[in-house]
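Novice: Per TrEMBL, transmembrane segment is recorded for 46-64, 85-106, 112-132, 144-167, 187-203, 223-246, 258-281.
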Amino acid sequence: MATARFPGKSVDVAAANWTAPAPGRQLCVNGTPWMLYLLEECVDNVWEYCSVVIGLISMFCFLLSTLPQVYEAYRNGKVEEAMSFGFLFFLFSGDVTSFAGCYLTSQLPIQVVTVVFYIFTDLILISQFLYYKIKNSSSRKSPVLKWLCFTWCGAATLVLLALPKFIIDNSATLDAQSPTTSKSVEITGYICGYLASVFYLCSRFPQLYKNFQRQSTEGTSYLLFALAMMGNGTYGLSVIVVLPALRGSKQTFIIKHLAWLIGSLGVLILDFFVTAQFIMYRKNNSSKSSTLLSVPEVEPLLCDEEELSVL
């Protein structure tokens, strides 16, 4: 299984490259060493190699995608006006269901750690949104709010740091289940994949409406969507590139990855509409910024005129 945000094991591709010299031991004959060590994938041809490299590029893009928005929210201080909470909620829900599918289908440790990082950045964005919403709506500044936010982020960090080890240590329990139970767990994992795709698709609509309502994209980092577009595009490409190297049924392989392909390519299309909004509302953003910059220059002049009239 692969999640909507990173590549998974291509069992159909790798299975033919394994040999079993002794019971309980498997040996990859012609595989790439670093891929075998890091991803436990036996890659022995150029199609598989390109697929894995493109998949890692996709993972890297998603790892970086939310960080520019975290900085933009900190710099701007008005993230509640720019971001839709629906966008953050559906993004978080998609990552949580991806994590559930990752656990149920016994994915690799690197994938578990990656999806946990996604959840961590989602929590930071949601915490920023709630912090600035409460802070900006309150007439007086409260230091308690800041400490509560730091405490919440610290507690979430500790939990998420311990979570991958807990999941990896308990993955052997899932692997030791009976074939019937294992099949039902795998089906549940794929259902989580479809749910994650639905959540990712739904996340864009609240933000599209928010931008349209404001006629502006100010306060939103375009890098968030640009890196997501690169991640989704390269993920879809990584699945397509590996098709010529498949030994098994190509149709079965596509069906297994269909949920995440729908999610990735669907979000990619919706992000083109977000890109169009950034282009359309660019003048509105610059005019608002120039208005804000001109206000401090006008106020002293007005004050001086009033003082002169009194004299």
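Glycine too: its Cβ is placed from the backbone N, Cα and C atoms.
Those TrEMBL annotations? Automatic predictions, nothing curated.
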Novice: For the transmembrane segment (112-132) and the transmembrane segment (223-246), decide whether they are in contact, meaning at least 3 CB pairs lie under 8 A, counting pairs 6 or more apart in sequence.
Specialist: no
Novice: Where else in the chain does the transmembrane segment (258-281) make close Cβ contacts, counting only residues six or more beyond its ends and a cut-off under 8 Å?
Specialist: 2-4, 94, 190, 193-194, 196-198, 200-201, 203-205, 207-208, 211-212, 215-217, 222, 225-226, 228-229, 231-233, 235-236, 239
Novice: Check for me, if you would, whether the transmembrane segment (85-106) reaches the transmembrane segment (187-203) - at least 3 Cβ pairs under 8 Å, residues 6 or more apart in sequence.
Specialist: yes
